[in-house]
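Visitor: One structure is given below, represented as structure tokens, and several questions about it will come after.
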Amino acid sequence: MRYKSKDADKLNEENESIIRKRSAKLKRDLEDAVREPSSSSGNVPASPSPGAASLQRNSTSPAQFIGGIIGDEDFDEATINGAMEAIGLDDNEYISARFTAGGGCEVGDLTTRSSIDALKATGYMGQANPTKILMKFEAHENESHAVRWSPVERMVATGGADRKVKLWDIGKNSTEPRAVLSGSSAGINSVDFDSTGAYILGTSNDYGARVWTVMDNRLRHTLTGHSGKVMAAKYVQEPIKVVTGSHDRTLKIWDLRSIACIETKFAGSSCNDLVTTDSLGSTIISGHYDKKIRFWDIRTEKQADDVLMPAKITSLDLSKDCNYLICSVRDDTIKLLDLRKNQVISTFTNEHFKISCDFARASFNSSGLKIACGSADGAIYIWNVNGFLETTLKGHSTAVNAVSWSPNNNMLASVGKNKRCIIYSDS
């Protein structure tokens with residue numbers, strides 16, 4: 001028994017040594033790939049094989065810039081090794097899958113490529129992607145413009161050209177609306193909830209914005225005063241105030257107690273979208289037709305320096321910590337800005353990705369590690385913030401206008417020109 005115990009100890013030591021060596025080699029190669037981003041930029045991207053998503057890296061993108069980016073250290077060694085061995089990938093193939101630009105990961109045949117797809121889909125290369133269609137239904141009588149998840153329920157709100165805001169109970173898999181919110185006399189451009197999920201904001205082409213209560217579906221406030229269609233609205237100092245952005249080149253701040261505009265900010269260019277940095281709305285960020293992102297400090301009434309984009313801006317979205325901003329741009333790119341520096345730190349694009357319209361909406365996921373945006377080709381493109389195109393989601397037959405990632409799980413909602421709303425899930 002003593003000799004058997006010694007043999008077992010020796011075998012365990014050898015196994016641990018092999019694992020340590022494999023881990024050290026993997027980390028060295030990963031570090032080398034991060035230090036030399038230009039090494040992949042010279043490769044000519046190959047066409048993705050059928051059924052395999054292109055894992056694409058932007059050569060101008062920094063490898064890691066957000067605290068908490070998912071890497072190999074987020075998965076224990078046994079998990080990674082088990083997954084690799086289960087599908088027949090060696091270390092070089094795994095490294096190539098994570099760091100080779102374009103769809104032409106040089107890892108062998110179609111079977112291996114499909115295996116890499118399986119790794120990505122199950123989360124071994126990062127968070128799992130919502131690749132399965134959970135629900136599909138016609139949300140509006142004609143084109144659907146807007147979609148937003150409730151912050152507290154498994155419910156989405158949609159807005160369409162039929163002048164309706166509709167609430168859908170995803171938790172019950174119901175394809176009949178939970179509520180239809182009326183009051184608008186023209187198409188809906190955007191929808192948004194307050195942080196408690198008790199109120200919903202809708203903006204419209206009738207130059208107005210409206211507030212409904214979710215519990216009883218009643219229209220509570222109608223905000224009129226703009227001279228152009230209203231494209232976006234957000235709560236500031238909720239539930240007291242709302243800010244709206246319009247094509248009349250102004251932003252207006254409204255006091256809901258008096259139902260009156262208390263301040264007008266003259267931007268000089270049509271506003272397509274806006275966000276606020278916190279529940280107090282201390283800073284308003286707006287995206288405009290003249291290619292500029294504008295920053296408004298409502299405490300000092302001063303405007304910070306603008307950030308110029310290469311084309312007109314269609315949407316903005318903030319990470320949960322409010323340190324990072326994504327901006328979808330009409331030149332068919334998405335820009336990632338570090339708001340602590342007020343500068344662009346990464347650009348996301350793809351040869352097939354085309355912004356669908358002037359109000360196309362992109363979205364961060366709840367962790368701020370992935371970015372999703374619909375395209376004119378009917379696909380939804382999902383990038384990792386490290387620069388990789390992780391996958392494209394199919395399901396829409398026409399252009400996708402807006403996407404929204406659930407704040408509470410890994411579900412993604414999307415709407416497009418074909419009336420349809422599709423809910424994607426990772427399970």
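Any Cβ shown, glycine's included, is placed from N, Cα and C.
Automatic, uncurated: that is what TrEMBL annotation is.
Note that this is a predicted model, so its numbers are computed, not measured.
Copied straight from TrEMBL:
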| type | residues | note |
| --- | --- | --- |
| COMPBIAS | 1-19 | compositional bias 'Basic and acidic residues' |
| COMPBIAS | 26-35 | compositional bias 'Basic and acidic residues' |
| COMPBIAS | 37-54 | compositional bias 'Low complexity' |
| REGION | 1-58 | region 'Disordered' |
| REPEAT | 137-178 | repeat 'WD' |
| REPEAT | 181-222 | repeat 'WD' |
| REPEAT | 223-264 | repeat 'WD' |
| REPEAT | 281-306 | repeat 'WD' |
| REPEAT | 393-427 | repeat 'WD' |
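Please situate the listed features within the shown structure.
Guide: Confidence over the repeat 'WD' (137-178), given as mean pLDDT on the 0 to 100 scale, stands at 95.
Sorting the repeat 'WD' (223-264) by DSSP state (H, G, I as helix; E, B as strand; all else coil) yields 0 helix, 26 strand, 16 coil.
Outside the repeat 'WD' (281-306), and at least 6 residues removed from its termini, the chain residues within Cβ reach (under 8 Å) are 234-238, 241, 243, 245, 247, 251, 253, 263, 265, 267-275, 312-316, 318, 325, 327, 329, 337, 342, 358.
Broken down with DSSP, the repeat 'WD' (393-427) shows 0 helix, 18 strand, 17 coil.
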Visitor: Is the repeat 'WD' (223-264) packed against any residues at least 6 beyond its ends, judged by a Cβ distance under 8 Å, and which are they?
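Guide: Same-chain residues near the repeat 'WD' (223-264) but 6 or more away: 186, 189-190, 192, 194-195, 198-199, 201-211, 270-276, 279-281, 284, 286, 289, 296, 298, 359.
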Visitor: So which residues does the repeat 'WD' (137-178) touch in its own chain, when a touch means Cβ under 8 Å and the partner is 6 or more beyond its ends?
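Guide: The answer is 184-193, 195-197, 200, 202, 204, 212, 214, 217, 359, 361, 401-409, 411, 413-421, 423.
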Visitor: So what's near the repeat 'WD' (393-427) in sequence-distant terms, Cβ-Cβ under 8 Å and 6+ beyond its ends?
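Guide: Result: 121, 123, 127-149, 151-152, 154, 156, 158, 160, 168, 170, 320, 356-357, 359-366, 370, 372-380, 382.
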Visitor: Work out, from DSSP, the number of helix, strand and coil residues along the repeat 'WD' (281-306).
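Guide: Per DSSP, the residues of the repeat 'WD' (281-306) fall into 0 helix, 14 strand, 12 coil.
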Visitor: DSSP helix, strand and coil counts for the repeat 'WD' (137-178)?
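Guide: Across the repeat 'WD' (137-178), the residues distribute as 3 helix, 19 strand, 20 coil.
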